[in-house]
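Over in TrEMBL, the protein carries these features:
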DOMAIN    20-192  domain 'MacB-like periplasmic core'
DOMAIN    278-394  domain 'ABC3 transporter permease C-terminal'
DOMAIN    419-621  domain 'MacB-like periplasmic core'
DOMAIN    660-768  domain 'ABC3 transporter permease C-terminal'
TRANSMEM  21-41  transmembrane segment
TRANSMEM  272-292  transmembrane segment
TRANSMEM  328-349  transmembrane segment
TRANSMEM  369-393  transmembrane segment
TRANSMEM  414-432  transmembrane segment
TRANSMEM  659-681  transmembrane segment
TRANSMEM  708-728  transmembrane segment
TRANSMEM  740-762  transmembrane segment
Amino acid sequence: MLKSYFITTLRSLKKNPVFTLVNVIGLSVGVAAFVLITLFVRDEITYDKFHTKVDRIYRGISVHDRGFVFGMADPVIDQMKSKIPGLEKAARIDFGTRTILKYKDELVFEDELYTADPEIFQIFDFPLLYGNENDALVADNSLVISKYIMNKYFEGKNPLGQTLKFANNDQTYIISGVLQDIPDNSRFQFNFIKTFPKVNTGSPWQPKGLFYGLFSTPINTEELSAQLKEIAKEGGYPGVDQINFLIEDFGDLYLESERSFTASGVSGDKQFINIFAIVGILLLCIACINYINSATAKSFSRLKEIGVRKVAGANNGHIQKQFLIETFVLTLISVAIAAGLAEICLPLVNQLSGKHLSLDYFNNPFNLAFILGLVPLITLLAGLYPSVFVSRFNALKIFKGGQIQGKGRLRKSLVVFQFAITLVLVFGTLIIKSQVQLFKSGDLGIDPKGVLTTAKPSNIDYPVFKSVIEGIAGVEKVVASPLPYGQSTSQMPLNWNMDTEKEEMLVSYTWTTPDFGKALGIEILQGRDFEEENSDDFNNSILISEAVAKKLAWENPIGQSVEVFNDKYELTRRTIIGVYQDINVYLKTGAPLNVMFPSSQIYNVNIKLSGENQEETIAKVNTAWNKEFGETPFEVSYLEDRLAANYEKEERFGQIFNYFSWLAILIAALGTFGLSAYTIAQKYKEIGIRKVLGASVSGIVVRLISNYVLLILVAMLIAVPVSFYFMSGWLQDFDLRISISPLVFLSGFGLALLVVILTIGYESIKAALSNPVDILRNE
C-alpha cells in the first residue's frame with residue numbers, strides 16, 4: 001500500500017512540473033533562511049553557556065549612587081568567602097586592556113590582556129593545551145597565553161618556560177600555560193592572563209577587578225546583594241552608604257546586562273535576537289502558506305482522481321495519507337536542497353554578522369537533528385490542511401459535476417497574511433536603511449573628517465607630543481582626551497541649584513583639552529569656547545550641550561554654576577561659559593545630554609589634518625613618531641571610522657534584514673505565481689464567455705489582477721500600523737532619529753504591487769489572449 005502511495009506521488013509531481021518546481025523553490029528558500037536564522041539565534045542565546053557550571057556562576061560589581069560602576073573591593077570578597085554559605089570558588093578578573101608587547105626588539109600592539117586569580121580555571125571551562133590549570137597562575141610573574149599568541153610568536157611550539165615582556169610596565173613574565181581554542185561565543189577571548197601582584201599597594205578598598213563566584217547551587221541575586229551591603233558596612237567600607245552591590249547571573253550577561261566589562265566590549269541585543277527569531281518563523285510560515293494555497297488550488301484539477309479512488313473504496317484516511325505522503329516527498333526534496341543552500345549562503349551570513357558559524361551537519365548532532373526534524377514538522381504544517389481539504393470532496397458531486405469549489409476565503413486570508421508579513425519586512429528594511437543613512441550623513445554636531453585618533457605614548461608628556469606632531473606640515477591641530485572620542489563615559493551626575501534645592505540629571509562627560517571643540521568643528525551657540533591659555537577655564541569652567549541647557553531651563557545659563565565630577569572622580573563646582581550644538585555620536589548612551597570640560601589626564605589624542613595629501617601627511621607623522629616616540633608602535637585610525645563603529649550593529653542588522661526581505665518577496669512571488677496559474681486555469685470557461693460577449697483583453701487582464709490587488713490593499717492595512725508601532729519603538733532608542741515618512745509605506749506598497757503584476761501578468765495575458773472557441777469547445 002505504501003509503495004502505491006509513493007508511486008502515485010512521483011507520478012503526480014512529474015505530471016505537474018510547475019507545481020513541483022514552484023513549491024520546491026519556495027520551501028527550499030524558506031527553510032534555508034529559517035535554518036540560517038536559527039543557527040544565528042542559537043549562537044546568540046547560548047553565549048557563555050558552554051561552561052558546564054554556568055547556572056552557578058555569578059558576577060559581582062559595585063554601583064555608586066552617583067552612577068559610577070566599578071569592581072569589588074578585596075575585603076568584601078574576602079568576607080564573602082567566610083560568610084556566604086555555598087560560595088565554592090571566587091576570583092577577580094580585571095577589565096581586559098590593550099598592551100604593547102616587546103618581542104625580539106620589536107614593539108607590537110596586542111589586545112585582550114587580562115589579570116585574574118588562579119581560581120578562574122576552577123570556575124570557568126578554559127582548559128589548557130599546555131600547563132596545569134591548578135598552578136598556572138600561582139607564581140607572581142606567571143602568564144597564560146592563547147593558542148593564537150603561541151602560533152604567532154613561538155611557531156606553534158610548546159612555549160612553557162619562555163618569557164614575554166610588556167613594554168607598558170617593563171615587566172617580564174614566564175609563560176606557564178597555553179589556552180586551548182576558546183569558543184567564539186565566549187565573552188572572554190583571552191590572549192594573555194597574568195596574575196594579580198601578591199603585594200597590594202594603595203588602599204585595600206580600591207577595587208582590583210570584578211568578582212566572579214561559583215556557588216554550590218543557584219542563588220537569589222537580590223538577597224546576596226543585600227547581604228554584601230551588610231558585610232561591607234560591618235567591615236567599615238568607606239562611603240558604603242552610597243554604594244550598592246549588583247550580582248548578575250553570568251549566563252545572562254551577554255543579552256541582559258548593560259555592562260560588558262570585557263576588552264572588546266562584547267554584548268548582545270535581545271531585541272535584535274527576538275526580531276530575527278520572529279522573522280525566521282514568519283519566513284517558514286510564508287513558504288508553508290505557499291504550499292497550502294497551491295496544493296488546495298491544484299486539488300481541483302484532481303477531482304476525478306479523488307472521485308475514482310473513493311468509488312474504488314478509499315476512505316478519507318486513505319486520501320489524506322496520499323496527500324500527506326506527497327507533501328512529505330516534496331518537503332524531503334526541499335529540505336535537502338535547503339541544507340545545501342544554507343551551506344552556500346553561510347559565508348555571507350558570517351560576513352554580515354561578524355561571526356564564524358558552522359553547520360557541519362555530520363559532526364554537529366544538533367544541526368543534523370534539527371534539519372531532519374524539519375521534514376515531519378513542515379509536512380504537518382504544510383500538508384495537513386490540504387490533505388483534510390481534498391479528502392472531504394463528495395464522490396457523487398464530483399461525477400455529477402456539482403459545485404465543488406468554495407469561495408476560497410481561507411486561501412485569500414493566507415495570501416493577505418503572506419503579503420502582510422512581506423510588507424512588514426519591507427517597511428522595516430526601508431526604515432532601518434533610512435536610519436543608518438541618517439547616522440552616516442546626518443548632522444552629528446562635529447566634523448570628524450580628516451581627524452586621526454590614537455593612543456598617546458605613555459612615556460611622553462602631552463605638551464612634547466603636541467609640539468612634535470603640530471610641527472609637521474599638513475597637521476592643523478592636536479587635541480586630546482582621556483577616552484577615545486566616540487567612546488562615552490557612563491552616565492554621570494550633573495547637579496544644579498546647589499544653594500537651594502539641589503537637582504540632579506545624568507549626562508555623558510567629555511573630558512578634553514581646551515582646544516578640542518575648535519579642532520572638531522563644534523559650534524558654540526551661546527557664550528564662548530575654552531581659551532587655551534586661560535587657567536581658570538581649565539580648572540573652573542564647563543561647556544554644556546544645547547539639550548542640557550534646555551533641561552536646566554535657565555533663561556541664560558552663562559555664568560551659572562553646576563557640580564560635576566572631574567577626571568579624578570572628585571565633585572567640583574564649575575561655571576558654565578558656553579552652550580554648544582548637540583553632538584549625536586553616542587546613539588543609545590544618553591547623548592545629546594552631554595557636557596565638556598578640560599582634563600589633565602591625557603591618554604588619547606586626535607590629530608586634525610588639512611584637506612590635501614592626507615596620506616602623505618600620515619606618512620610624515622609615522623616618520624616623526626618612530627623617531628621621537630619609538631617605544632610605542634605607530635597605529636592610527638580615522639575618527640570617522642571609529643564613530644561609524646557606533647552604528648555598525650544597526651548597519652549589519654539592516655543588511656541582514658534587507659536580504660531576508662528580498663527572500664520574503666521571492667517566496668511570496670512564487671506562491672502568487674503558482675496560485676494564480678491554477679485559479680486562472682479554473683476561470684478559462686468564464687474568460688471564454690466574456691470574450692464572446694465582447695470583453696477586451698485589457699479588461700479581462702485587469703479583472704484577473706484586481707482580485708490580488710485588493711488582497712494587497714488589505715495586507716497593506718494590516719502591515720502599516722504593525723510596522724509603524726514596532727519601528728517607532730525601535731527608533732525611540734536613538735537620540736538622532738528619522739521621522740517615519742508615508743513614502744516608506746507607499747514605496748513598499750508599490751513594490752508589492754509590482755511583484756503581483758509581474759507574477760500574475762503572464763498567466764492573465766495568456767488567458768485573455770486565448771481563443772474563446774477553443775476554450776468553449778474543450779469545455
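Placed from the backbone N, Cα and C atoms, the Cβ positions cover glycine too.
From a predicted model like this one, the values you see are computed outputs, not experimental measurements.
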Task: Confidence summary for the domain 'ABC3 transporter permease C-terminal' (660-768), mean pLDDT rounded - done: 83
Open item on the list: I'd like to know if the transmembrane segment (21-41) touches the transmembrane segment (328-349) in this structure, counting it as a touch only when three or more C-beta pairs sit under 8 Å and are separated by 6 or more positions.
Closed with: yes
Task: Three-state composition of the domain 'ABC3 transporter permease C-terminal' (660-768), taking helix and strand from DSSP - done: 93 helix, 0 strand, 16 coil
